[in-house]
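Taken straight from Swiss-Prot:
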| type | residues | note |
| --- | --- | --- |
| BINDING | G155, G156, A157, G158, V159, G160, K161, T162 | ATP binding site |
Amino acid sequence: MSNGKITQVIGPVIDVEFEAGELPEIYYALKVSNPSLGDEPWNLVAEVAQHLGENTVRAIAMDSTDGLVRGQEVLNTGRQISVPVGRGTLGRILNVIGEPVDEQGPVETDTTWEIHRPTPEFVDQSTKVEAFETGIKVVDLLAPYARGGKIGLFGGAGVGKTVLIMELIHNIAKKHGGFSVFAGVGERTREGNDLWNEMKESNVLDKTALVYGQMNEPPGARARVALSALTVAEYFRDQENQDVLLFVDNIFRFTQAGSEVSALLGRIPSAVGYQPTLSTEMGELQERITTTKNGSITSVQAIYVPADDLTDPAPATTFAHLDATTVLSRQIAELGIYPAVDPLDSSSRILDPQVLGEEHYQVARDVQYVLQRYKDLQDIIAILGMDELSEEDKQTVSRARKIQRFLSQPFHVAEIFTGTPGKYVELSETIRGFKEIVEGKHDSVPEQAFYMAGGIDEVLENAAKMAS
């Protein structure tokens, strides 16, 4: 295989000329020495994105291109970007090309897998449906997650997507004990660091592989880091027959990175300036996240919603792939109710009596009915006040406000900020608590007792303390 030479550098994109008949294939990794990154040779990896003709390829760099010059030699590796897979990745932080960035020495695995992989065959996919308990009341009751499903956490800036993801990792590692893979795609480095320290303190790090491509990295790294993390998860599913959890924070940044390089690759932008290949790229990633007969990948994806607009092409394209959506609402966060999950906007494909059982389904629907009725009455209350409502409506409003507060819950991972110990609430406790509120058993309990409590028994303890 012959080497090529750089003919042009445009931001994160480089053009490389090879000899006739020696062109690397699309997605192949190229290597070049970038003195600004360090002294080691071939320290910058780029991925071939286009064949331009005249023996030239256009490649997207996975790190800074500052310091590259025309005429520099480029190595064709003859294969795609490959990342280490297997148990050696647990407890480690990798970057997009599979190198450890936690200063803990090399990753000890025997196997590497290429990051662009085919989707599992249709016949290998499993169709069994079962719910997956998270210990978070609002999620388990109203928008339950399916094992092997895809879950989207929608929310604008600062409503608590990352905290919710960290709590899910905590609860699942403690209760479920399976392996998790966390893909940090274009988010804050501080949050990545916090997550690592948090996991270390709560002893879940040895069950988790972390793959980071943060906000400060070039778009090439942010557009590929989700695939690197997914490849690590696929190994556990396919080779070790595990039920794996894949957390992606944030899937919007994957789309955003694609749109940053799209114009440099000469593609004509589509709606709102996004890349024309938006749904194809999203489909290639999402279709690999699935349950096979060997094991499953359950994925929880935080989805930033630009300007709180759910019809923006990036969140709208992601919607099509999801089994459950957990929508975080700024209005609920403003009321001081955390997790700020919107109980009426969030939905799940498995909220069905045949999957969850009749009692769970009925309680969930009753809770939604009471909350919806309260929402409908809010205009009347705002204009005429509570006194104009019928006795029945007053009772509905009172119960709805209790339900709203009971949907809040103290988190383990927020304990250091709030000083309140976190609570994991079993599904049976959640159903019992909400059923009793809807049936009117706690109409005499003050609504403040329901705020930031775990199960219904804790609410009654709070009420007793308030009374004394």
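The chain as shown is numbered from 1 upward.
The backbone N, Cα and C atoms fix where each Cβ goes, and this holds for glycine too.
Ranking the binding-site residues G156, G160 by the number of CB atoms within 10 A of their own CB puts G160 at the top. Those same-chain residues not listed among G155, G156, A157, G158, V159, G160, K161, T162 yet with C-beta within 8 angstroms of the centroid of the ATP site C-beta atoms are Y304, L328, A333. The most densely surrounded of the binding-site residues A157, V159, judged by C-beta neighbours within 10 angstroms, is V159. Ranked by how many other Cβ atoms sit within 10 Å of their Cβ, the binding-site residues G155, G158 place G158 at the bottom. For the binding-site residues K161, T162, counting C-beta atoms within 10 A of each C-beta gives the highest total at K161.
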